[in-house]
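Engineer: Please find one structure pasted underneath; my questions will follow.
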Amino acid sequence: MSTNKITFLTNWEATPYHLPIFLAQTRGYYEREGIEVAILEPTNPSDVTALIGSGKVDMGLKAMIHTLAAKARGYPVTSFGSLLNEPFTGLITLKGNGINDFKDIKGKRIGYVGEFGKIQLDDLCSKFGLSPSDYTAIRCGMNIAPAIINGEIDGGIGIECMQQVELERWCVSQGRPRSDVQMLRIDRLANLGCCCFCTILYIAHDEFIAKHPDKIKAFLRAIHSATLDMLKDPVQTYKEYIHFKREMGSELHREQFERCFAYFSHDISNVPRDWNKVTNYSKRLGIIPQDFEPNCTNGYLTWELDPDEKDPMGKQEAIAEIQDEIKQKGGVFSGNSLRYVEPANL
């Protein structure tokens with residue numbers, strides 16, 4: 001085996017927002033940087049932090065809240081960059097299912113992806129005068145949208161650019177308007193000020209980072225090049241992604257990519273403000289101890305980073321407007337490449 005080989009585990013099966021990872025492969029950026037990256041997909045997304053944290057895989061992707069929890073549970077992992085920033089996440093349901101505000105979950109069947117989704121739901125129950133016994137929790141994994149469609153649950157925790165799009169497309173196929181899909185955003189319900197707990201991160205085993213800093217930097221340079229290519233020409237780079245991953249050519253995946261586009265990190269950096277918010281939120285949920293320090297670094301990024309966002313709440317509102325316009329008019333495949341800010345290095 002080449003000593004320059006890196007094993008990389010995605011957070012679940014190939015999705016539209018994995019494009020930069022595969023594009024860096026197809027455009028030869030890993031090879032240019034002198035590394036060979038074996039891209040792996042998990043059969044169970046819940047195994048990702050354990051596999052990386054045990055050293056069986058070098059690096060991969062995971063959401064921020066899972067990355068914090070993994071370190072608190074003894075898995076030595078650290079985030080060294082971000083892929084998808086603050087995708088809107090919340091309780092998704094269909095009009096007519098009887099859930100118009102959070103209190104309406106009483107007596108309902110509510111789906112969640114994994115362990116921390118249940119913890120978040122129970123925390124919100126205490127905020128809204130409910131108890132965990134007031135609703136039926138059903139673990140659905142990544143299949144929130146099909147579970148709603150099949151009537152197995154009345155609503156479930158999902159991401160706007162993924163599960164919500166899947167449910168919207170089903171509504172259209174049934175002659176129903178997209179507006180029949182509703183989301184109660186967790187950041188608003190919990191007064192977080194951001195949806196950063198579901199930011200998708202690049203993470204690695206601490207020992208791998210310590211022993212191979214040059215590999216981390218090389219990987220990031222390759223990913224940065226691929227990310228900038230994607231932001232400059234999303235249509236062409238997505239065509240290349242389809243050539244590598246045929247399933248990405250479906251109308252569902254193309255639309256999910258359009259809705260992911262505004263969330264892509266431009267400079268791949270960890271955002272300290274977001275990490276502080278999610279760390280404090282995780283402490284409140286009891287996921288990590290009170291003395292926990294964020295397990296992230298920007299020390300391996302070798303380019304100028306974007307300036308700190310001066311109005312993060314304003315950014316959230318602007319992105320919400322962008323996402324609504326894309327939902328109504330189409331995104332990059334309709335010539336609409338809206339995103340919140342222009343990348344600094346384009």
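The backbone N, Cα and C atoms fix where each Cβ goes, glycine too.
Sharing the record's features from Swiss-Prot:
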ACT_SITE  His66  active site
BINDING   Gly114, Glu115, Phe116, Gly117  pyridoxal 5'-phosphate binding site
MOD_RES   Lys62  N6-(pyridoxal phosphate)lysine
MOTIF     194-198  motif 'CCCFC'
Engineer: Give the distance between the Cα atoms of Gly117 (pyridoxal 5'-phosphate binding site) and Lys62 (N6-(pyridoxal phosphate)lysine), rounded to the nearest whole Å.
Structural biologist: 14
Engineer: Suppose the pyridoxal 5'-phosphate site is Gly114, Glu115, Phe116, Gly117. Which further residues of the same chain have a Cβ inside 8 angstroms of that site's Cβ centroid?
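Structural biologist: Neighbours found: His66, Tyr112, Val113, Lys118, Ile119, Gln120.
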Engineer: Quick one: average pLDDT across the motif 'CCCFC' (194-198), no decimals.
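Structural biologist: It averages 82.
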Engineer: Cβ under 8 Å to the motif 'CCCFC' (194-198), counting only same-chain residues 6 or more beyond its ends: which ones?
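Structural biologist: Beyond its ends, the motif 'CCCFC' (194-198) has Cβ neighbours at 63-65, 85-89, 159, 185-187, 271, 273-275, 277-278, 281-282, 312, 316.
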Engineer: Compute the C-alpha separation of Phe116 (pyridoxal 5'-phosphate binding site) from His66 (active site), stating it in Å without decimals.
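Structural biologist: That comes out at 8 Å between the alpha carbons.
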Engineer: How far is it from Gly114 (pyridoxal 5'-phosphate binding site) to Lys62 (N6-(pyridoxal phosphate)lysine), counting Cα to Cα, in Å?
Structural biologist: 13
Engineer: Tally of helix, strand and coil residues over the motif 'CCCFC' (194-198) according to DSSP?
Structural biologist: 3 helix, 0 strand, 2 coil
Engineer: Around Glu115 (pyridoxal 5'-phosphate binding site), which residues of its chain at least 6 apart sit with Cβ under 8 Å of its Cβ?
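Structural biologist: Correct list: Ser46.
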